[in-house]
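To start, the structure itself, in structure tokens.
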Amino acid sequence: MVRLASSARPSRLRDVSSLRFNSTLASAAYTAPTSQDVSTSKTAEELNPIDRRRLESMLRVDHAGEVAANTIYAAQARVFSSIMGDAKTAKMCEEMWETEKKHLAVAKRLLDQHRTRPSFLMPVWGAAGSVLGSATALLGKEAAMACTEAVETVIGEHYDDQLQHLSRMEEAHPSLKLLSRVIVEFRDDELEHLDTAVEHDAQQAPAHALLSAIIGFGCKGAIQIAKRL
């Protein structure tokens with residue numbers, strides 16, 4: 001199967017110039033704060049009830065997604081290292097996992113800051129990520145990379161949707177402007193993972209189209225459930 005060039009992928013993932021911010025280490029406001037201000041310590045009390053629910057839904061699903069991402073990469077790294085004997089791919093999974101660890105730490109801080117409960121289904125998301133990561137790794141490097149490609153494609157689109165909503169809300173409070181910058185940073189991290197997966201033969205996986213469709217459908221369904229539960 002011919003591998004898609006970056007320009008041939010869904011344009012929606014890349015056509016976000018109007019939403020780009022100076023996102024350099026926006027997450028550092030949470031991971032390595034030099035001071036504390038309202039953007040990292042207060043929530044947006046001024047939001048109307050509809051926007052408040054939307055904000056809480058965003059934060060809840062993003063946290064759930066980061067839990068799943070961490071367990072996917074942890075499982076893949078473990079399988080490639082201990083079972084498949086593929087140290088190179090294990091290291092690549094570990095490197096992507098390191099990024100997701102940072103994302104999860106920030107997602108937890110955001111839940112606390114904005115007084116938002118996590119998903120009721122956290123054990124499910126963790127277990128699902130572990131199963132998906134292990135299963136695709138056992139199928140080989142290409143299948144594991146196809147998993148990353150499919151997941152990160154959905155997550156890139158999901159973050160773009162969130163940025164569209166936040167662009168209409170962020171004037172209400174400094175914390176929402178910072179949240180937009182953090183999401184831009186995270187989205188770009190995820191798209192780097194997508195590029196890495198494609199560069200390492202994701203589209204050479206057996207039954208690539210079917211595998212991608214199944215994983216993508218599952219991710220989209222999980223997003224909708226986590227928004228509510």
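Including glycine, each Cβ sits where the backbone N, Cα and C put it.
Classification of H103 (Fe cation 1 binding site) by DSSP places it within a helix. Taking a C-beta cut-off of under 8 Å and a sequence gap of six or more, H103 (Fe cation 1 binding site) has these contacts in its own chain: S27, E66, A69, F186, D189. Summarising the annotation, TrEMBL assigns Fe cation 1 binding site to E66, E100, H103, E190.
Taking all protein chains in view, 26 other C-beta atoms sit within 10 angstroms of the C-beta of E152 (Fe cation 2 binding site). TrEMBL lists E100, E152, E190, H193 with the feature Fe cation 2 binding site.
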Can you give me the Cα-Cα distance between H193 (Fe cation 2 binding site) and E100 (Fe cation 1 binding site) in Å, rounded to a whole number? 10
Residues with Cβ closer than 8 Å to the Cβ of E100 (Fe cation 1 binding site), same chain and 6+ apart in sequence? E66, A69, N70, Y73
If I take the alpha carbons of E190 (Fe cation 1 binding site) and E152 (Fe cation 2 binding site), what is the distance between them in whole Å? 6
Its Cβ having more other Cβ atoms within 10 Å than any other among the binding-site residues E66, E190, the winner is E190
